[in-house]
Amino acid sequence: MADGLKVLVTGAAGQIAYSLLYSIANGDVFGKDKSITLVMLDIAPMAEALKGVVMELQDCALPSLKNVISTTDVKEAFTDIDFAILVGAMPRRQGMERKDLLKANAKIFVEQGQALEKYAKKTVKVLVVGNPANTNCLIALTCAPSIPKTNFTCLTRLDQNRAQSQIASRLGVSNDSVSNMIIWGNHSSTQFPDAAHASAVVGGSTANAVEAVKDDAWLNGDFISTVQKRGGAVIAARKLSSAMSAAKAICDHVRDWYFGTKGDKWTSMGIYSNGSHYGLPENIVYSVPVRIAPGGEYTVVEGLKISDFARSKMDATAQELLEERNAAWDFLPT
Ligand code: NAI
């Protein structure tokens, strides 16, 4: 078996983690030939529940799972890790202002950013899932200045998968017939799912998705709002937020980051914006299309033609991220 990886999942007693941990431990993310040390962090009140998850992982008897560490101690959790999947966050409770949510989560991601800085390998790759994911990711990377900013990403793959599935279903083709969907911006209701550069295989030939769908009113209206509001629709129906689909998207994101994207395909992820792509502001974490080389180095897909409609949507979600950053910064240590 090839050299092992030490992978941390936070929020490990939560519902996304319950759908996610098996896939990581089973080799569905990093490959069956990689031995995995799985580190699971949650808060002290969840320590007992974590024990149950450990027992279940042991009972799966998986060949690629070398070791399981469950802990409520941040130092133990972050020491020498290769990958950090930061799912744990304070959920938004009824009556809670967005500002209060930002404050509670800023505290968590300051602590975890500092722990990355102190204890993780300098090559660690970090995926932030806990909401508000983009701004939490910005906080974590700011608190870990000795780790390259490019090693931090946030999850918008669930939004991309949702958009891909909407187009596939509209065209009556399989999900894998649709590729190169883009999510621009924030993982929130201002995100811009953009089908203009996507391809679809219909009847054996490849076409631009917009030309295949032939319904601009739907593409510029219901398609966008369905993807933007999908998380809320799942909560309304299930009384719980998306967990199975979020876990699947995390696996897709991390697998592509580890093994690379294939051929001309790209994927969307939230990355640190240094101000040099598509006129986006500097110092926010913004979702863009990237191509990834095996091993994880990614490059932003350049040269896509941006319509006036797309520009206004991209700017609106950037504006929301600037506002979130400014609100969260009030809660950071000086
Ligand atoms: P959950 O409430 O079932 O689990 C969260 C877990 O995190 C709990 O076990 C909690 O004790 C733990 N936790 C809280 N503070 C922690 C800390 N400081 N350190 C370690 N663990 C901590 O929530 P669920 O459904 O698993 O969702 C987790 C997060 O993922 C939420 O913020 C949710 O909004 C977000 N999410 C993001 C998506 C994305 O696409 N970016 C998609 C779906 C959910």
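Heads up, the Cβ atoms here are built off N, Cα and C, so glycines get one too.
Counting only residues at least six positions away in the same chain, the Cβ atoms of ASN131, PRO132, ALA133, ASN134, CYS154, LEU155, THR156, LEU158, ASP159, GLY270, SER287 sit under 8 Å from the Cβ of HIS187 (active site, proton acceptor). In the three-state DSSP reading, HIS187 (active site, proton acceptor) counts as coil. Taken from TrEMBL, the feature active site, proton acceptor covers HIS187.
Taking all protein chains in view, 25 other C-beta atoms sit within 10 angstroms of the C-beta of GLY130 (NAD(+) binding site). Per TrEMBL, NAD(+) binding site is recorded for ASP42, ASN105, VAL129, GLY130, ASN131.
Its Cβ taken as reference, ARG98 (substrate binding site) is surrounded by 12 other Cβ atoms within 10 Å in the chains shown. The substrate binding site annotation in TrEMBL covers ARG92, ARG98, ASN131, ARG162.
Restricting the average to the domain 'Lactate/malate dehydrogenase N-terminal' (6-152) gives a pLDDT of 95. Among the features that TrEMBL reports, domain 'Lactate/malate dehydrogenase N-terminal' is placed at 6-152.
The domain 'Lactate/malate dehydrogenase C-terminal' annotation in TrEMBL covers 156-330.
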Inter-residue Cα distance where the pair is GLY130 (NAD(+) binding site) and ARG92 (substrate binding site), in Å: 11
Cα-nearest neighbour of ARG98 (substrate binding site) within the listed binding-site residues, ASP42, ASN105, VAL129, GLY130: ASN105
Listed recorded positions adjacent to ligand 1, that is, members of ASP42, ARG98, VAL129, GLY130, ASN131, HIS187 whose C-beta is under 6 A away: ASP42, VAL129, GLY130, ASN131, HIS187
C-alpha spacing of ARG162 (substrate binding site) relative to GLY130 (NAD(+) binding site), in angstrom: 18
Counts of helix, strand and coil residues, the domain 'Lactate/malate dehydrogenase N-terminal' (6-152), according to DSSP: 67 helix, 29 strand, 51 coil
Among ARG92, ARG162, which are binding-site residues, the residue with the most C-beta atoms within 10 angstroms of its C-beta: ARG162
Cβ neighbour count within 10 Å of ASP42 (NAD(+) binding site): 23
